[in-house]
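Feature annotations, reproduced from Swiss-Prot:
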type	residues	note
BINDING	His34, Glu82, His91, Cys94, Cys97, Asp102	Zn(2+) binding site
BINDING	Asp87, His89, Glu109	Fe cation binding site
REGION	1-85	region 'DNA-binding'
REGION	86-147	region 'Dimerization'
Amino acid sequence: MSSIPDYAEQLRTADLRVTRPRVAVLEAVNAHPHADTETIFGAVRFALPDVSRQAVYDVLHALTAAGLVRKIQPSGSVARYESRVGDNHHHIVCRSCGVIADVDCAVGEAPCLTASDHNGFLLDEAEVIYWGLCPDCSISDTSRSHP
């Protein structure tokens, strides 16, 4: 049985004021993993019809800065957001349809990869994006190439 996230408590723990837009954005990001801003805005607007687009952008920025939401932006793609934060995972992106899936780190602890030379930086994260074809697109691609 999965537990229902306590968004108000998450906000308080991050020293953020609990507001309806913040709770609605957390709910939307949790319900729509890897969603773009438009999808999140639509979900929030459904729950709070009077919320502005700018308010959603501002909340996403605040939640990302507080570490409650993670922003990812694969090359050539719009920014997307997820609620899976603070763990050791990366992403797989379909080159054809753009779908994104989580993939756990294969080896080690965060940051998951060890740079051969960190150039004096204190490393705390490695962002890895795998690219390929999702199962649906690979089936379509195979069926097109083999009549």
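Glycine is treated like the rest: Cβ placed from N, Cα and C.
Note that the coordinates shown come from a computational prediction; the quantities given were computed from them, not determined experimentally.
This view paints the features noted in Swiss-Prot onto the structure.
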{"residue": "His34", "record": "Zn(2+) binding site", "CB count, 10 Å": "21"}
{"residue": "Glu82", "record": "Zn(2+) binding site", "CB count, 10 Å": "19"}
{"residue": "Asp87", "record": "Fe cation binding site", "CB count, 10 Å": "10"}
{"residue": "His89", "record": "Fe cation binding site", "CB count, 10 Å": "16"}
{"residue": "His91", "record": "Zn(2+) binding site", "CB count, 10 Å": "18"}
{"residue": "Cys94", "record": "Zn(2+) binding site", "CB count, 10 Å": "17"}
{"residue": "Cys97", "record": "Zn(2+) binding site", "CB count, 10 Å": "11"}
{"residue": "Asp102", "record": "Zn(2+) binding site", "CB count, 10 Å": "13"}
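Across the region 'DNA-binding' (1-85), DSSP assigns 43 helix, 8 strand, 34 coil. Of His34, Glu82, Cys97, Asp102, all annotated as binding-site residues, the residue with the shortest Cα distance to His89 (Fe cation binding site) is Asp102. Confidence annotation: the region 'Dimerization' (86-147) carries a mean pLDDT of 78 in the model. Secondary structure at His89 (Fe cation binding site), as computed by DSSP, is strand.
In the three-state DSSP scheme, Cys97 (Zn(2+) binding site) is classed as coil.
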